Structure formats: C-alpha cells, structure tokens
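The DNA-binding region feature in Swiss-Prot is assigned to 19-38; the stated evidence is sequence analysis. As annotated by Swiss-Prot, domain 'HTH lysR-type' applies to 1-59, with the evidence given as sequence analysis.
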C-alpha cells in the first residue's frame, strides 16, 4: 500500500533531481532514503526510477505515481488548510442585559481587528429573552447571567460583578452604612423592562425577605441614572456601569446586604464552544472586559476577593 509520505518522497526526488539532494530536502541520510525506496519497490513489485541515471529518469510506473502525487498532495494541502480555517464566517450575537452594550461594542471592534473575515451580526436593541433563539439556531452567542438547566447550551464564564444600590446623593438611604431589604420596601425601584424574576436584586435580595417595592421600567441606562439622580427612584446596577457618574458626585452607590455579586456568561450551543471563531471571541471579549471595566474580576478569582477600580478605567454610558 502506498502512503502519502511515499508520494511526498517521489515528488521531492523529481524536484531535486537526485537521491542525495532529495535526502537533504527531506532531512534524511541518502542511505536511509535509498533503503526506503528499495522497501517500497519490493512491496509494489516494480522499480520507480533508474538508479544512477543522469539526469534522473523515472520508470513508467514511477511516472504514474508522480502524476498521482501531483493530483493528491495539493488536494490534501487544501483540505488541511480548510480544516484550520474558521468554519464560522458569521457570528450572530445578542445580550440579555442593557448595561452590557456599553463594553461589548468596543470589545466587538477589538475582536474584528484580529478576525476581519468574520461577519459580526449584533442584534439591534436589547433582547431580553434570546436563549430560545440560540437553542433554535437563530443566534450563535448570547451574553447572559441566567443559566437554563438541561437546555443543551454551554455557558462560558466571562467575569463577576457586584450589583450595587444606586441613589441620589441626598437620598435618606445614602447615609446608611448597610442596606437591608426592608430599607427598600417603600421605595420605587427603577428596572429594565424585564420580568422581576430575572433580576438579581429581586431573586437574591428582596424576594427571600418577602419585600416587594414598587417597580418602574426604564429602557435606557442613561435615562435611568438621570432619574435616580433626580430622586425619581432608586436602582440596582452593576458597579462598573455607574462608576464614572459616581465619581462626578451625581449618584452614590451602596452595598446590598453583605454584597450582591453576579456572573456574566457567554452562552452557545453545546459543542460550539470549540469552534475556532467562538472560542476566540469569548477569550477576546473576556480579556477586554477584565482589562478595561472597573470593579469586575475574572470569574476564576475567589468570590470574596473584592476587586478595585482600575486607574483610568471608565465605563461608557
């Protein structure tokens, strides 16, 4: 049986013109290459080339195998190249959180610089329930804090962030050292237009204590923060979202209870996380977020190891 390495050896012999030159190209000794040809000819039952011919002359059988090498080897090379190239040339992305768009846009630009051949399709507006579309193949990746059990989806951790209470500087709660669920009972909580069961502040802070404040939906982050500053309500937002306006003194933030932390994931269909494009995108966006967002930490760090703001880091609002 003839193998690919035999075809490559024949081609090297034709291109170099002598056994000694072919051995040098193939990084073998001349005697080893000669022995390899002798073994192959014995197995095939015919000679491949005329020894000591000047110039080197192939037998008719050798010419047939050379033609085979010229046909097969380029096909193998192209097939291997295709295997190493990204199978995905389009990445359809959606997010489940309003505030993610502030850092995801520059992260997309950063990824595109390294993968210009990949078409990025970012769902316009903010989709709050895109995981069913991901399951059905209508999307390729969803940024989410919610894990659906037995969904056939794979969730890659991106980073951890603290959800903090956002208040006007002159709000009565701004002077409290610790915020309890009961402190929010009579407040108006400004939220994004999403079911309250999807909110971390509801699931992990208010609901366990049986507290149900008045909820008011606002679909724009900047407007929501302005309403908080105007004493039209309070909010619970990722710390990095409000870091710059807090430094300006427009709002203050307080820790909820002992600290309310959440984790962002990149969700894909199980198996797709091994696609070259998907893997590179997740790694690129995770690194970008951890390098540029204040008050976030790698999902690999312990939950009790609180991060600090990175000098000069400012979220886009």
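Each residue, glycine too, has its Cβ placed from N, Cα and C.
Mean per-residue pLDDT, taken over the DNA-binding region (19-38), amounts to 90.
Secondary structure of the DNA-binding region (19-38) per DSSP (helix as H, G, I; strand as E, B; remaining residues coil): 16 helix, 0 strand, 4 coil.
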